[in-house]
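Take a look at the structure below.
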Amino acid sequence: MVREDVHDSEDSEPSVCERNGMIPMHEQSEQEPTAGAKGTDGNAQTEETALLDHCTQQPPEPTAESSIPARTWRQIFACPPQGLLAQTVTNVAFVVLVWAVVWSITGAECLPGGNLFGILFLYFFAVIGGKIFGFIKIGTLPPLPALLGMLLAGFLIRNTPFFSDFVQINLRWSAALRNIALSIILTRAGLGLDPKALKKLKAVCLRLAFGPCLSETGTAAVLAYLFLHLPWQWGFILGFVLGAVSPAVVVPSMLILQAGGYGVEKGVPTLLMAAGSIDDILAITGFNTCLGMAFSSGSTLYNVLRGVLEVTVGIAAGGILGMFIRYFPSHDQASLAWKRSYFILGLSMFAVFGSIYFGFPGSGGLCTLVLAFVAGVGWSDEKVNV
């Protein structure tokens, strides 16, 4: 009886091998195909042919690639929308809402032909152009700069008859926007300068700022006098316009390289940002000096001394304002980064617009650059938050 109970328990309970998914050797030998078994082709069936026959008999399982299109279409037309469709609807609704809010406040200014409508239209199309050019890749070359797409978008809007009829921006509005952009760019350049690298490379910085600008200006003036038969004053005006460096191109690129650590040890980003900013200020000062000579507003000596006076006033005002925001607001105040950002941006715009109002347009950019640099030196590592 005991033996029968033992046999019954052995039959009812699975063995350790069965629980672990293992097959005993004697059962495995029985399940293996015999050497004399015939395959589908009439030949002796081996392990390889048996596995091949097993795979051919089973239907292929649907792959993930075959189900991707159907799943994608279901996501696109899902209710409520999700993914790309939802993002597109959100962006369009955001643009329409911005226009509707501005229109409800300003009225006709936000309709086609108004200044605000032109600014919003130009802004969104410039952003779209920059995004499109950012996706274009040519071989192993890096992506095209977004600024190129923005410039092309503005060029097309201005020179396309249908768009140019209802996208109009007043010259005063356009000049104000350019001055705001200049103050922001020069503020970023001043905050991004490294004082140690600038002190070590000050001679190189001055040569790099004055050399190319003056040589390009002189060459353009001579060619304009010989081939275009322009007076020397207008030739130099044209030269300063062509020889000026665009800080909107140089400064953001150098800040990206500086954040990535490229050339920081040798001070390359600081050198190029400082030289580019001084080059631009020199071009503005020279342009205004030659413009005063062309329209005979005072003697030639007065116009030359006026340019020197603009540089002196810009450096002095920038140093004073920079020392002020270096200590005010103090470190114990709340929202320190926001207050510093407000002060430096407000003073920069006031310097640019105020210099035009007081008749010293060349001093505004230099004042902005100097005050941002002086304040950044005092803030040290805390200027990153600004």
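Cβ atoms are placed via backbone N, Cα and C, with glycine included.
Some features that TrEMBL has for this protein:
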- 1-44: region 'Disordered' (REGION)
- 84-105: transmembrane segment (TRANSMEM)
- 117-136: transmembrane segment (TRANSMEM)
- 143-163: transmembrane segment (TRANSMEM)
- 175-193: transmembrane segment (TRANSMEM)
- 205-228: transmembrane segment (TRANSMEM)
- 234-259: transmembrane segment (TRANSMEM)
- 271-295: transmembrane segment (TRANSMEM)
- 307-329: transmembrane segment (TRANSMEM)
- 341-360: transmembrane segment (TRANSMEM)
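Highest Cβ pair count under 8 Å relative to the transmembrane segment (271-295), across stretches 143-163, 175-193, 205-228, 234-259: 234-259. Long-range contacts of the transmembrane segment (205-228) within its own chain (CB-CB distance under 8 A, at least 6 residues past either end) are made by residues 198, 234-236, 238-240, 242-245, 271-272, 274-276, 278-279, 282-283, 286. Tallying C-beta pairs under 8 angstroms between the transmembrane segment (175-193) and each of 143-163, 234-259, 307-329, 341-360 places 341-360 first.
Same-chain residues lying 6+ beyond the ends of the transmembrane segment (143-163) with a Cβ under 8 Å from its Cβ atoms: 121-122, 125-137, 248-249.
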